[in-house]
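A.B. asks: I have a structure I would like to understand better, so I am pasting it below and will then ask my questions one at a time.
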Amino acid sequence: MELLMSIVIGIVFSVTIYLFMSKDLLRVVAATLLLSHAVHLLLLTMSGLQRGAAPVLSFDAEAYTDPLPQALVLTAIVIAFAVTALLLVMSYRTYKVHKTDDLEELRGSADE
Amino acid sequence: MTLLHWAVLSPFIAAILIPFLYKYLKRIHTGWFVLILPLVLFIYFLSFIPRTSSGEAILNNLDWVPSLGINFNVYVDGLSLLFALLITGIGALVVLYSIYYLSKRKEKLNNFYVYLLMFMGAMLGVVLSDNLIVIYVFWEVTSIASSLLISYWYTREKSIYGAQKSMYITVFGGLSMLAGFSLLYVIAGTFSIRELIANADIVMASGLFIPAMILVLLGAFTKSAQFPFHIWLPDAMEAPTPVSAYLHSATMVKAGIYLVARLTGVFGGAPEWFWIITIAGLVTLTWGSISAVRQKDLKGILAFSTISQLGLIMSLLGTGSAAFYFQDGDNALYMTAILAAVFHLVNHATFKGSLFMAAGIVDHETGTRDIRKLGGLMTIMPITATISLIGLASMAGLPPFNGFLSKEMFLTGMLNVTEYGIFHLETFGFIIPIIAWIASVFTFLYCILMFSKTFMGKFDSSKLKVQHVHEAPIGMLISPIILAVLVVVFGLFPNLLAYSIIEPAMAAIAPGILSPGEFFDVHITHWHGFLAPELWMTIGVVVLGVILFMTFKKWENTAFYRGERDLFNYAYDYGYDGLVKGSQWLTRIQMTGRLRDYFIYMCTFIILIMAYTMYRYNLPAIQSLDLSPVPIYVWFVIAVFIGSVIVIPFINNRVALIIATSVSGFIVALLFVLFRAPDLALTQLLIETVSVILFMLVFYHLPKLKKVKTPPKLKAVKLIISIGFGLIITLGSLSAFSLGQEANYSSISEYYTENAKEEAGGYNIVNVILVDFRGLDTMLEVLVVALAVLTVVSLIRLRFKGSEDV
């Protein structure tokens, strides 16, 4: 399972990096979203997958899955959402002000 | 913290108080308050003389960063004490002089004295520390203070130029020196100078000996304005004259000499050390004295003469280092050179200090320092003229002043070199005294030129801006008079200094050569007999110098005399311009303003570093992987996931893009369920739903996606980087996983599993971690979300003035 997930995460990362290098703001925002998914999965995978019951004590299992990466990822999901929301609104705003969402045209002006 | 530590730090403490004194006691010149400190310190350091002259050294330890071997250990021996006395003694005189030189109404005295005190403290730190790193820190502070003082009149363009130049050159040297110190630490495992000297044989045997030596010498040479790094010193003359007298002739520029003297015990005895320092010193001596002849600015002459005199001391230290080769302390053959170096160091501080102050007086009273405009000041300013005459005669090496004694000793030292019989000196040695003699001729020449142009000839008030030229006020004359008196006293009674100051300093430069209880033979005489070659060399200097002076009219109009600017300035200016232009060019090609380019840099760098690390530690060789089994249904989930992700780059439709992205998000939630993470799955589901709504909202306002046409070359680059990155992540993930298994650490989360119920009263461990064990973290996380929300709201609601709906 870990090997499979590692490969899957690698593929997601590849797509993300590819998207980051495109010209549209929207693709870049989509890429950040994908990137956060990939990172969350990576955190879980590195600690080992399906090694026991869900970390809830009332299951009374012999072994539990490591709860710490889960706590980390939970925090990360929320933060990633905040970042995505911010980016989305920023790209909306950028488009309204500059009338373009092309990153090539959004480059700094010459008199900077 | 002992009294000595406080003595080093006291100028810094005083510097903090100065702005308040300046602000609230405006009626009294701030200099009077400052003056107290160097006077007290001078007397305090004088009290050490009995102890150091009996060969004793005082060491007070204070741990700073003991784990790195960095300790603020104050060490006082003859050499440190000599410098400490110079710093505080000349410092007191300079402060006194500055009280009359800088007007309390026109100048920003608080700046001046803060910088000056900062310098004084840093300089004391350099000469009194035993630890190389501490020396380095104080060393850089002196560079900064020096730059600040050069740019004291910061509205003048030349001041800024001079300050920058000195900063660049000395800080470059300082950094090299730090590298050298680090190499010494690598070799000997200590930053303590005394321990390094004790382990000198280990240092000498190391392969890093030469690089360490050269790096350290770069620091010393840039600070002491040795050829070809001397070019900053003439431009440093833009500083107020008290500063020039203090930093740029008596103390700071001697820090390099101090360092060379101090480390002679570590490096001395090696032929490279001998030759590099001797040659650099001699070239500087000659170049400085010849250049000084060409100057028309009084302070310019003094600057180049300082360069040349520093070269003289340096060359003496170089030749004297042979003492370590022979390990033979009684031999006057090479110890004369070290004796001459120490003696000339003191003498130079006295005569050059008085000369700078006299030049400052001339500038202050006449409004110019240009020797072409000056002349005939002898009758108008008799006291200043006398002071200058004494100082110049001493510098030219005329009896009975102290300069004569050390100059003769210098010639003796250089003549002795031919008799060493080591380091190929039997072949090349004869050149050394000849160069020394030629440089002395030019020294003599610029001394006469300076005096005759300023004080003799006809006084022409039409060339001056000031109408009524008169002698300086007595307060301004006190300091140069004291120094001039010292020039005469040391000249007539040199043995006042012999065993109190000079011998302990020599013993400190050449440690371990004398057995305890022994002393170097320091006997300074005026007369060596008619047959002594030094006498005839001095006579030759005077004769040739006078002839050159008499024929001044003949060569006055040659290109040699008309040009003033040192050739090496062009190298600096071109280098500086090139550096600026090169950096701009480099920035321009990197900072394209394209997100894509920055991303390519970052990713390439990450790939390279990760790949190198994996290669270095053989990580791809993953041994045992205890993988958990993959149930059949997982394959379907994964297939959908990969499918939804891979199509995204190919989609050119907005809605399809959103759908594909959200499909992947929901599948991640499903994966969380499979990975036994119910909380994550719940959160992910919620968040994903909200995200989709947000996307939809925003996409509605945004333009349609364009069909991207990427040039194939760029596309290839993008593909290679993204695939490479993915590969690295896969490998990294696997190796982290397998390393975690191999190491078999017990997870830190066991604590949470065991204590979740007892300590926090919860069954869901993840929840307990978030809201209880790491509750504060979660609170701050909420704060981040709140900030993001605030930003989003303000971005949406913010409207530009004058436009209705943006």
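Cβ coordinates come from backbone N, Cα and C, glycine included.
Reproduced below are the annotations present in TrEMBL:
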DOMAIN    B:67-113  domain 'NADH-Ubiquinone oxidoreductase (complex I) chain 5 N-terminal'
DOMAIN    B:129-426  domain 'NADH:quinone oxidoreductase/Mrp antiporter transmembrane'
DOMAIN    B:641-704  domain 'MrpA C-terminal/MbhD'
DOMAIN    B:720-804  domain 'MrpA C-terminal/MbhE'
TRANSMEM  B:81-100  transmembrane segment
TRANSMEM  B:112-128  transmembrane segment
TRANSMEM  B:167-188  transmembrane segment
TRANSMEM  B:200-222  transmembrane segment
TRANSMEM  B:243-261  transmembrane segment
TRANSMEM  B:300-326  transmembrane segment
TRANSMEM  B:332-362  transmembrane segment
TRANSMEM  B:374-398  transmembrane segment
TRANSMEM  B:430-451  transmembrane segment
TRANSMEM  B:630-648  transmembrane segment
TRANSMEM  B:681-699  transmembrane segment
TRANSMEM  B:782-800  transmembrane segment
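Give me the local environment of each listed feature.
C.D. replies: Note: the domain 'MrpA C-terminal/MbhD' (B:641-704) comprises 55 helix, 0 strand, 9 coil (DSSP; helix = H, G, I, strand = E, B).
Within the chain carrying the transmembrane segment (B:200-222), a Cβ under 8 angstroms from the stretch's Cβ atoms is held by residues 139, 169-170, 172-174, 176-181, 183-184, 186-188, 229, 232, 255-257, 259-260, 263, 265-267, 269-270, 272-273, 276-277, 280, all 6 or more beyond its ends.
With a threshold of 8 Å between CB atoms, the same-chain residues lying at least 6 positions outside the transmembrane segment (B:243-261) that come near it are 79, 83, 86-87, 90-91, 94, 97, 116, 119, 123, 126-127, 135, 139, 142, 145-146, 149-150, 152, 177, 216-217, 219-226, 233, 236-237, 277, 299, 302-303, 306, 310, 313-314, 317, 341, 345, 348-349, 352-353, 356-357, 360, 508-509.
Here the transmembrane segment (B:332-362) has long-range neighbours at 82, 86, 90, 93-94, 97, 101, 241-242, 244-246, 249-251, 254, 257, 261, 298-299, 302, 305-306, 309, 312-313, 316-317, 319-320, 322-323, 326, 369, 374, 377, 381, 384, 387-388, 390-392, 394-395, 401-403, 405-407, 409-410, 412-414, 416-417, 419-420, 454, 472, 476-477, 479-480, 483-484, 486-487, 490, 494, 497, 501-502, 505-506, 509-510, 520-522, 524, meaning same-chain residues at least 6 beyond its ends whose C-beta is under 8 angstroms from one of its own.
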A.B. asks: What same-chain residues lie close to the transmembrane segment (B:630-648): Cβ under 8 Å, and 6 or more beyond its ends?
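C.D. replies: Long-range Cβ neighbours of the transmembrane segment (B:630-648): 657, 660-661, 663-664, 667-668, 670-671, 674.
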A.B. asks: Report the listed stretch (B:81-100, B:167-188, B:300-326) having the maximum count of Cβ pairs within less than 8 Å of the transmembrane segment (B:430-451).
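C.D. replies: Per the Cβ count, the answer is B:300-326.
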A.B. asks: So what's near the transmembrane segment (B:167-188) in sequence-distant terms, Cβ-Cβ under 8 Å and 6+ beyond its ends?
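C.D. replies: Those are 69, 132-133, 136, 139-140, 143-144, 146-147, 195-196, 199, 202-203, 206, 208-209, 211-223, 229, 231-232, 259, 266, 572, 576, in sequence order.
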A.B. asks: Looking only at the domain 'NADH-Ubiquinone oxidoreductase (complex I) chain 5 N-terminal' (B:67-113), what is the mean pLDDT?
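C.D. replies: PLDDT averaged over the stretch: 89.
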A.B. asks: With DSSP as the reference, give the number of residues of the domain 'MrpA C-terminal/MbhE' (B:720-804) in helix, strand and coil.
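C.D. replies: The domain 'MrpA C-terminal/MbhE' (B:720-804) comes out at 67 helix, 1 strand, 17 coil.
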